[in-house]
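Note sheet for the following structure.
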Amino acid sequence: MSALGESRTRLCDQFAFVSGSDSAVAQCYLAENEWDMERALNSFFEAHMDSVFDEEAEKTEVTGNKRKDDTAEASGTKKKLKTDNADCIDLTAEEPTCSITVNSKENQAENGTAKSEVEDSKLSIISWNVDGLDTLNLADRARGLCSYLALYTPDVVFLQELIPAYVQYLKKRAVSYLFFEGSDDGYFTGIMLRKSRVKFLESEIICFPTTQMMRNLLIAQVTFSGQKLYLMTSHLESCKNQSQERTKQLRVVLQKIKEAPEDAIVIFAGDTNLRDAEVANVGGLPAGVCDVWEQLGKQEHCRYTWDTKANSNKTVPYVSRCRFDRIFLRSAKTAPPVTPDHMALIGMEKLDCGRYTSDHWGIYCTFNT
């Protein structure tokens with residue numbers, strides 16, 4: 001095969017991986033767009049993604065009553081997360097009730113302290129690649145995400161692989177959150193801030209100049225309990241053969257973490273697609289920056305966020321278990337240190353549709369501030 005043929009074959013493989021399509025579809029869109037990856041992906045998304053939630057809305061109108069009956073009949077038969085409209089959420093409340101934050105007066109008296117005060121001082125986050133590019137059961141899976149938001153009521157949510165229709169769905173339901181995105185074309189990242197807990201100051205988008213997959217770095221400046229925070233998320237270049245580009249993007253991320261003001265806490269969370277050797281190749285994390293999973297003792301139960309052995313959303317002929325999704329923390333130099341408190345994987349329950357919320361597990365993490 002010629003060098004040109006090999007190059008185009010690699011482009012087709014990358015397009016198919018990112019878009020969730022096959023090589024024939026990839027070749028068609030790439031050829032129509034002069035083998036420009038970004039143009040081809042944009043063309044694909046415009047053609048395929050916009051109608052996903054519209055179709056689901058029509059389906060819901062017809063089958064809404066029946067689905068309530070079916071859900072009732074199915075309850076207790078299998079371990080599944082309930083996502084019907086009644087149970088899913090009302091995220092409109094500023095202080096939703098959930099098992100994590102509710103404490104009875106009796107328990108508070110028994111313990112001698114008001115636990116809610118302790119909980120209020122903790123910062124909670126969720127980071128999740130929601131696989132918006134997979135349109136199968138996408139509305140069901142978006143409702144699943146909303147159920148987890150209602151359960152955990154995180155202060156900050158970092159999301160990757162969003163599409164415009166998914167964002168509009170979330171904005172209609174998660175009205176207690178401020179939402180901003182890394183783009184409005186194709187697929188992109190986003191950050192959600194709980195309005196009653198986090199004050200937004202400003203945001204910026206840092207482009208990765210040589211990305212072939214529309215990737216960038218989204219940064220938000222906020223305050224939490226009077227403390228300045230820099231929140232960052234990204235979806236670094238995918239695929240094993242994109243290690244060089246992914247490493248370049250990691251260098252940009254780490255440089256931006258180092259450049260943040262000394263009086264600010266920095267939290268980066270996202271789908272890095274990183275292998276440990278790639279982190280080592282850039283000299284490891286800078287002084288003062290920690291990998292939260294490592295800081296918490298490298299707990300095995302929350303190591304693999306991409307796990308085709310346990311997660312059946314993607315049909316692949318091999319087992320792949322990787323720690324693609326990572327959280328980096330840098331404390332402020334001129335303020336009391338922030339320490340990781342707890343980390344867990346979420347999204348490990350199947351939804352009523354028989355699939356998981358995403359092909360990635362989400363990460364729920366809390367910090368002592």
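The chain as shown is numbered from 1 upward.
The backbone N, Cα and C atoms fix where each Cβ goes, glycine too.
Straight from Swiss-Prot, the features:
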- 58-77: region 'Disordered' (REGION)
- 59-71: compositional bias 'Basic and acidic residues' (COMPBIAS)
- 129-133: region 'Interaction with 5' end of substrate DNA' (REGION)
- Asp131, Glu161: Mg(2+) binding site (BINDING)
- Tyr187: site 'Interaction with 5' end of substrate DNA' (SITE)
- 235-240: region 'Interaction with 5' end of substrate DNA' (REGION)
- Asp271: active site, proton donor/acceptor (ACT_SITE)
- Trp306: site 'Interaction with 5' end of substrate DNA' (SITE)
- Phe324: site 'Interaction with 5' end of substrate DNA' (SITE)
- His360: site 'Interaction with 5' end of substrate DNA' (SITE)
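Features recorded in Swiss-Prot, as mapped to the structure shown.
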{"residue": "Asp131", "record": "Mg(2+) binding site", "Cβ neighbours (10 Å)": "24"}
{"residue": "Glu161", "record": "Mg(2+) binding site", "Cβ neighbours (10 Å)": "24"}
{"residue": "Tyr187", "record": "site 'Interaction with 5' end of substrate DNA'", "Cβ neighbours (10 Å)": "26"}
{"residue": "Asp271", "record": "active site, proton donor/acceptor", "Cβ neighbours (10 Å)": "27"}
{"residue": "Trp306", "record": "site 'Interaction with 5' end of substrate DNA'", "Cβ neighbours (10 Å)": "18"}
{"residue": "Phe324", "record": "site 'Interaction with 5' end of substrate DNA'", "Cβ neighbours (10 Å)": "20"}
{"residue": "His360", "record": "site 'Interaction with 5' end of substrate DNA'", "Cβ neighbours (10 Å)": "27"}
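Residues 13-14, 17-18, 129, 160-161, 189, 208, 211-213, 215, 246, 249-250, 253, 270-274 of the same chain lie 6 or more positions beyond the ends of the region 'Interaction with 5' end of substrate DNA' (235-240) yet place their CB under 8 Å from a CB of it. Taking Cα separation as the measure, Phe324 (site 'Interaction with 5' end of substrate DNA') is nearest to Asp271 of the recorded positions Asp131, Glu161, Asp271. Over the region 'Interaction with 5' end of substrate DNA' (129-133) the predicted model carries a mean pLDDT of 97.
Remark: secondary structure over the region 'Interaction with 5' end of substrate DNA' (129-133) totals 0 helix, 1 strand, 4 coil, with classes taken from DSSP.
On the backbone, the CA of the residue listed as 'active site, proton donor/acceptor' and the CA of His360 (site 'Interaction with 5' end of substrate DNA') stand 9 Å apart. Distances between the Cα of Trp306 (site 'Interaction with 5' end of substrate DNA') and those of the recorded positions Asp131, Glu161, Tyr187, His360 are shortest for His360. Asp131 (Mg(2+) binding site) sits 8 Å from His360 (site 'Interaction with 5' end of substrate DNA'), taking the Cα positions as reference.
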